[in-house]
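Peer 1: Structure provided below as structure tokens; questions to follow.
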């Protein structure tokens, strides 16, 4: 995307979660329209600049893509500093990555405080491999939003960024007026699959709200 107007604001986004959950894939889908079929563990951090052309002007999000593996844990706090928003990703087909959402959130809040956060359950195109049991619906009590996504099928890949921009700009009516470059999906995400996922997440959101640090993920 080549915007015709000057960037109105630049925001730092920290992208965290266990290795293999699709963090780098999400960034590359927006940056190049490509999906990485082979996963390579990110070494340290990669910073990618994503431009979003909205009805409120052009905004840039600098996405800090950190390594999700524990051996890099000592480096994470430094990358969290001055982050204005965050995405925490887990793989709906991996219970381990789902179980670690609470830990990632705790580490993030300890450094950054109450910044806007999106929790993304990625790979919902693999419905038959789903292992998580219930949603992590924090948005009614904290500054967090839960979304289902599939980077491989392009399902909801723009939604986390639009939500965060609305929070950061303070305008719930903010919309994209030009979509980032995204290639056709690698798999077809049918309407029926979409209805199943939406039903599952709506059911989770109707459950009594737990205390964030006492959640049995």
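The backbone N, Cα and C atoms fix where each Cβ goes, and this holds for glycine too.
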Peer 1: Per Swiss-Prot, which of 37-45, 46-54, 55-63, 91-99 is region 'Switch-I'?
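Peer 2: In Swiss-Prot, residues 37-45 carry the label region 'Switch-I'.
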Peer 1: For the region 'Switch-II' entry in Swiss-Prot, name the matching range from 17-33, 68-84.
Peer 2: 68-84
Peer 1: Please identify which of 21, 24 has the densest Cβ environment, defined as other Cβ atoms within 10 Å, among these binding-site residues.
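Peer 2: Highest number of other Cβ atoms within 10 Å: 21.
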Peer 1: Including all protein chains displayed, how many Cβ atoms other than that of residue 18 (GTP binding site) lie within 10 Å of its Cβ?
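Peer 2: For residue 18 (GTP binding site), the 10 Å Cβ neighbour count is 23.
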Peer 1: Give, as a single whole number between 0 and 100, the mean pLDDT over the domain 'Small GTPase Ran-type' (7-171).
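Peer 2: The predicted confidence over the domain 'Small GTPase Ran-type' (7-171), as a mean pLDDT, is 80.
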